[in-house]
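Asks: Found this in Swiss-Prot, in case it helps:
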| type | residues | note |
| --- | --- | --- |
| BINDING | 8-15, 21-22, 58, 60, 82-85, 104-105, 151-152 | substrate binding site |
| ACT_SITE | 9 | active site, tele-phosphohistidine intermediate |
| ACT_SITE | 82 | active site, proton donor/acceptor |
| SITE | 150 | site 'Transition state stabilizer' |
């Protein structure tokens, strides 16, 4: 059975400022760096063998800290990027107009084709996240990979493994540097394929960020 660990990046400047990041970027805060060091300590205990990260700066920095603790190289995979939030990227969430807020909500309230102008849909996000996860099945036997990605992206992945549609209303909170785990199993008695073992574990963190943006 393959175990794959999923880690969201540490808190960023724009998380703290309540700005929409998407595939735009901002650096980790001092708190985010500390969170990354704490999740790195846990990752070392887990015996991680491979680290695969989104190629955005905030995930790369988080992955670098984890890799240093685990003694692993980092493979960058753009399929693990955050949802493309189109024209709303860099905007403060409290400054959105009613029309813009409706665009944002359509992504996650059951609207299959909802998307922000110049952005991508949750279905498109789900397809590339599942493709990245499936690549882990090609790793050598005995591997224990860790993927570093983003709040909406990981929430979409975990939710769809549980059988929810990609565009379902978001009811899964994955805080900065939380750890989730999904397992791939083949069984005559249990569900075959990917199953969720853990979601959003923050027991390794001193003070989880109260981040409502989840990205």
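Backbone N, Cα and C atoms are what each Cβ position is placed from, and that goes for glycine too.
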Asks: Once the DSSP letters are reduced so that anything not helix or strand counts as coil, what is residue 22 (substrate binding site)?
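Replies: Assignment for residue 22 (substrate binding site) reads coil.
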Asks: Provide, as an integer number of angstrom, the distance between the C-alpha atoms of the residue listed as 'active site, tele-phosphohistidine intermediate' and residue 150 (site 'Transition state stabilizer').
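Replies: The residue listed as 'active site, tele-phosphohistidine intermediate' and residue 150 (site 'Transition state stabilizer') have their Cα atoms 6 Å apart.
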Asks: Let me know the DSSP-derived helix, strand or coil state of residue 151 (substrate binding site), please.
Replies: helix
Asks: Including all protein chains shown, what's the count of other C-beta atoms within 10 A of the C-beta of residue 11 (substrate binding site)?
Replies: 26
Asks: Distance check, please: Cα of residue 82 (substrate binding site) against Cα of residue 150 (site 'Transition state stabilizer'), rounded to an integer number of angstrom.
Replies: 5
Asks: For residue 151 (substrate binding site), just count the other CB atoms lying within 10 A of its CB, please.
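Replies: Result for residue 151 (substrate binding site): 24 other Cβ atoms within 10 Å.
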Asks: Going by Cα-Cα distance, pick out whichever of the binding-site residues 8, 11, 14, 22, 85 is nearest to residue 150 (site 'Transition state stabilizer').
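Replies: That would be 8, nearest by Cα distance.
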